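Reading through the structure tokens given below for one structure.
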Amino acid sequence: MTESSVHPALWPAPHASGAVDATVTVPGSKSVTNRALVLAALSSEPGWLRRPLRSRDTLLMADALRAMGVGIEETVSSSSSAAGGPDGSGEAWRVIPAGLHGPVTIDVGNAGTVMRFLPPVAALADGPVHFDGDLRSYERPLNGVIDALRVLGARIDDDGRGSLPMTVHGGGALDGGPVAIDASSSSQFVSALLLSAPRFNQGVEVRHTGARLPSMPHIRMTVDMLRAVGAQVDEPETGGEANVWRVSPSALLGRDLTIEPDLSNAQPFLAAALVTGGRVTVPDWPLRTTQPGDALRDIFTAMGGSCELTEHGLTFTGSGRIHGIDVDLGEVGELTPGIAAVAALADSPSTLSGVAHLRLHETDRLAALTKEINELGGEVTETADGLHIRPRPLHGGTFHTYDDHRMATAGSVIGLAVPGVEIENVATTAKTLPDFPQMWTRMLGA
Ligand SMILES: O=C(O)C1=C[C@@H](OP(=O)(O)O)[C@@H](O)[C@H](O)C1
Ligand SMILES: C=C(OP(=O)(O)O)C(=O)O
């Protein structure tokens, strides 16, 4: 067990003295980077990731794959662009697949993508792969992956709770075949099984049975990225709720992939435009994407802003007014903390629904948002599957973050409008956006 470092330090969240007007270059997507690493590690030839996200979650993924034998070489070109452009400038990771080996111990930190995507990879290794992580990772659901892998032929030792820590006894290959899982607590169960499935002897047929499946765009991201490396993925039940996915066994191609900016990490910066009545441009916003953060164009427009998307990026402009919203966030759950922060500053109440599973994210996000906004004078109540937010005049105080990167950025958004907000452990943003405090300060100084 490893514990993420405790930083009791308080960061005075900058208060905006006027409308922000800034261009903010946002680093690569966590979800795309970690899928690309897994797919490149399982492919039959070397590949490239350009502009990968370098953060705690993606470095844990890279380290884990390296520990199993995969070559991952990090290169930074001496070219002037620090962004890692498609021309080869900037940061790029070369991934060289190799036989997967145990015994090895993997630290998943508190990364859902690492703890869920890697056990199926470990089943293909030729020895035991032990998984451990932060204390919170013991509480996050993993049973869907563990139970499914057993059905598909893997041997796994856990403590009987279906969670970390646990050991996958890799046998060098996995039978695969049909399996039914309840992925209502995390879409990552489905993504995990699909990502490694081309390497299973019979591929896989995953059927979700159970309550509503969250985060469908993330499953579409998995399917698209599998197809892009040559995998055959069939969705026999398309339309409405598509709950069955079939992946055939096949070799995977090595790719040269430029990672899109992380649109969920763009959220606090767009929120800054909305909250201050200013303007923020995020370069390289993709014209087409499976990232859930793309939904912010509609959601933040409904909350009072407007946006323009061109091939150069997205410019989001606030109107000086913020409206409440009644929205089902089941597809885009990871946007909830940032939307709740804006909703707490709006001119009318909001209801955010469809996100009961957030109680098992980095922290219980529904409880954490309720407590922290209310301690600043807000009026938030938890519902069965979300939050009801009645805006109230807020005052300064400590905003606790519970080792949750999105709590830290949500508190910073409130701090723009409310003087005297102090963020506890802003360093927890390192999970997906290590440079957040500097980016935030630069945006305000621009
Ligand atoms: O597959 C992914 O990359 C993710 C899927 C979602 O997980 P859940 O379905 O568990 O919410 C999302 O919240 C998480 O941040 C990233
Ligand atoms: C839920 C999140 O992360 P994870 O990949 O750890 O599930 C998130 O980033 O909001």
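Glycine too: its Cβ is placed from the backbone N, Cα and C atoms.
TrEMBL annotations:
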- E334: active site, proton acceptor (ACT_SITE)
- K30, S31, R35, S186, S187, Q188, S215, E334, H361: 3-phosphoshikimate binding site (BINDING)
- K30, G112, R140, Q188, R365, R406, K431: phosphoenolpyruvate binding site (BINDING)
- 17-438: domain 'Enolpyruvate transferase' (DOMAIN)
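Feature annotations (TrEMBL) mapped to structure.
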| residue | record | CB count, 10 Å |
| --- | --- | --- |
| R35 | 3-phosphoshikimate binding site | 26 |
| G112 | phosphoenolpyruvate binding site | 26 |
| R140 | phosphoenolpyruvate binding site | 22 |
| S187 | 3-phosphoshikimate binding site | 26 |
| Q188 | phosphoenolpyruvate binding site | 27 |
| S215 | 3-phosphoshikimate binding site | 24 |
| E334 | active site, proton acceptor | 26 |
| H361 | 3-phosphoshikimate binding site | 22 |
| R365 | phosphoenolpyruvate binding site | 25 |
| K431 | phosphoenolpyruvate binding site | 23 |
- Message: Nearest by CA distance to S187 (3-phosphoshikimate binding site): which of the binding-site residues is it, out of G112, R140, R406, K431?
- Response: G112
- Looking at the binding-site residues K30, R406, which sits with the largest number of other Cβ atoms within 10 Å of its Cβ? R406
- Query: How many Å lie between the Cα of K30 (3-phosphoshikimate binding site) and the Cα of K431 (phosphoenolpyruvate binding site)?
  - Reply: 9
- Going through the recorded positions G112, S215, E334, H361, R406 in sequence order, which have a CB under 6 Å from an atom of ligand 2? G112, E334, H361, R406
- Item | Alpha-carbon spacing, G112 (phosphoenolpyruvate binding site) to H361 (3-phosphoshikimate binding site), which is rounded to whole Å | 8
- Message: Using the alpha carbons only, what distance in Å do you get between the residue listed as 'active site, proton acceptor' and R406 (phosphoenolpyruvate binding site) once rounded?
- Response: 8
- Averaged across the domain 'Enolpyruvate transferase' (17-438), what pLDDT does the model get? Just tell me the whole number, please. 95
- Message: Taking only the residues the record lists as binding phosphoenolpyruvate, namely K30, G112, R140, Q188, R365, R406, K431, what is the largest Cα to Cα distance between any two of them, in Å to the nearest whole number?
- Response: 19
- Expected list for ligand 1 (Cβ under 6 angstroms, recorded positions R140, S187, Q188, S215, E334) reads S187, Q188, S215, E334
- Measuring CA to CA, name the entry from the binding-site residues R35, S215, H361 that ends up nearest R406 (phosphoenolpyruvate binding site). H361
- In angstrom units, rounded to an integer, how far apart are the Cα atoms of H361 (3-phosphoshikimate binding site) and R140 (phosphoenolpyruvate binding site)? 7
